[in-house]
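Reviewing the structure listed below.
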Amino acid sequence: MKLFPLCLSALVMSTATCASSVEGAIEKVPQSLEQKGPSEMLSMKPDVKGGFGDRMMFIPFQSDLGLHSPVDRSGFEYCGYLDAIESEDGDSSRAPYAKLQLKENVEGIARFGLFYHPSPFQAFKHIIDNGGKYSGLDRVFLENLRKSLVVSLDSAVNRTYSIPVEDEGFYCFVGYQEVAHQETVIGENSEPIVTIEFDSFNSNVPVTLKLQRQIFLSFSIVYGLISLWWAIRCICSRTKLHLVQVCLFCWFSFFILNHPVKQRIFSIDNPDEYLVPFVVSCFTYFLGDGIEYALYSLFITTTVLGFGTIRRTSKKMVLFFSLLTCGQAFLVNVAPMVYPLLYISGSDKACVLRMVWVFNKFLYLPLITFLGAVLAFRFRLKKASQFDTRWNLFALTLAIIILFAFNDLVIFDKLQKLWKYDDTTLEYLKIVNGGIKFVAFSILLGPYSKLFAEPKSLQLDDFLGKHDGHKDPSLEKF
């Protein structure tokens, strides 16, 4: 199992940098960011026992705050995935820690803050969301950093500082330095000054672990029964499944797997097990953030555009939506892992990739919702005498979708920030939020099935191009 951290480091750093060492990572920094002076005085010293040197990344860059300063003020970033490595003497009472120290040939002050993410995959998403925030500091960010410093190393007072690392995850030390360079031996500037040392976690099992298991198991059973009851009810109804019903069921099935079922399966007695955090992280990233998000986006798209509810669709549209879902899942999984490499190498494609990412994450669903509302209102004016009931249902569904979007962007986002260090509470919030969505949408889709019980014009056979001769004039294309 001791080989596992090395395998994980290869995965993490293959997406963030192609270098196998700190020197290799610095060589890939664009010349506009590369500094050959004081910024090279902050680097990394791998701990031989931990074998951590080939999976850390140090990136220096020039800060615009040093234009009128008598001493050079340059920024630095230092990122890596810290995990627990069992010490040779078997002592498990000490947690891992990061020890940072100024070199002997440095006079000045280094100020920096610590950023932490439990999952390296999620950290990549934060990087692309913020446009490479961890590889650059602007004026506003530096001012905020100065007000809430974690560490301030002063060569006249203290050259060394140790930060305890109590949780596994992706750590970034981001800050700037005010140093005066001294003449020294050739090649000494490239020597590392930051030391990372490891000890295993305390193996005591949390008292609340059994209670958490019971809660996640209860969520899994209750949500599974709700989805099963709803699926049987739809299948046994007089009408066949509609497209939006299929999309809703697929999304909620993956939601159950990604949240309560995952948490129940991977809640183990031994928190020192290396494989579990990595499996949970991969499970959430590829299945949850990729497939689950794409399926939820597909459900919202088909609902707001009225396919299967207020208008007829076709075999080509089903194929188009399938390809769109695959494309979104691919983008969500791959883009955050490719973006750091493009950003560090100075490629112009990094900006294009981030624009596509921002559009898909923040603009796609609002634009689709607005387009669906415009088309439905146009259809309402055109088919006023035949569309009253369906229009009222669609308007209510659209209002609920907008309400849930507001909840996700404002209320739920603030709750996530409030409990950002409590992963269990965050999972509870996500599970409850997803369950409320499913119940609300399943209730709203019920009246549509009753409307189409007699003329089976919106059955799944129609979606596949198999018509039974019935045709609803209110569902003509417009």
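A Cβ is built for glycine as well, from the same backbone N, Cα and C atoms used for every other residue.
Feature annotation from Swiss-Prot assigns signal peptide to 1-19; the stated evidence is sequence analysis.
What Swiss-Prot lists as topological domain 'Lumenal' is 20-214 (among others), and the listing cites sequence analysis.
What Swiss-Prot records for 236-240 (among others) is topological domain 'Cytoplasmic', and it gives sequence analysis as the kind of evidence.
Confidence annotation: the topological domain 'Lumenal' (262-289) carries a mean pLDDT of 66 in the model. Among the features that Swiss-Prot reports, topological domain 'Lumenal' is placed at 262-289 (among others).
Under the heading topological domain 'Cytoplasmic', Swiss-Prot lists 311-317 (among others).
For 339-356 (among others), the entry in Swiss-Prot reads topological domain 'Lumenal'.
Taken from Swiss-Prot, the feature topological domain 'Cytoplasmic' applies to 378-391 (among others).
Annotated topological domain 'Lumenal' per Swiss-Prot: 413-427 (among others), in sequence order.
If you look up Swiss-Prot, you'll see 449-478 (among others) marked as topological domain 'Cytoplasmic', on the strength of sequence analysis.
According to Swiss-Prot, the transmembrane segment annotation covers 215-235 (among others). Sequence-distant contacts of the transmembrane segment (215-235) (same chain, six or more residues past either end, CB-CB distance under 8 Å): 241, 245, 249, 252-253, 256, 259-261, 263-264, 267, 427-428, 431, 435, 438-439, 442, 449.
Annotation source Swiss-Prot lists transmembrane segment at 241-261 (among others).
Sequence annotations record features per position, and here Swiss-Prot assigns transmembrane segment to 290-310 (among others) based on sequence analysis.
With a cut-off of 8 Å between Cβ atoms, the residues of this chain six or more beyond the transmembrane segment (318-338) that come close are 15, 121, 124-125, 127-128, 243, 285-286, 289-291, 293-295, 297-298, 301-302, 307, 353, 356-357, 360, 463-464. The transmembrane segment annotation in Swiss-Prot covers 318-338 (among others) and is backed by sequence analysis.
Sequence annotations record features per position, and here Swiss-Prot assigns transmembrane segment to 357-377 (among others).
For 392-412 (among others), the entry in Swiss-Prot reads transmembrane segment.
Residues annotated as transmembrane segment in Swiss-Prot, with sequence analysis given as evidence: 428-448 (among others). Residues 215, 219, 223, 226-227, 230, 242, 244-245, 248, 252, 255, 259-260, 299, 303, 308-309, 390, 393, 396-397, 400, 404, 407-408, 412, 415-416, 419, 458 of the same chain, all 6+ positions outside the transmembrane segment (428-448), place their C-beta atoms under 8 angstroms from a C-beta of that stretch.
Outside the transmembrane segment (357-377), and at least 6 residues removed from its termini, the chain residues within Cβ reach (under 8 Å) are 128-129, 297, 300-301, 303-306, 310, 328, 331-332, 335-336, 339, 391, 394-395, 398, 401-402, 405, 478. For the transmembrane segment (392-412), the list of distant contacts is 300, 303-304, 306, 309-310, 365-366, 369, 372-373, 376, 429, 433, 437, 440-441, 444, 447-448, 451: same-chain residues at least six beyond its ends, Cβ to Cβ under 8 Å.
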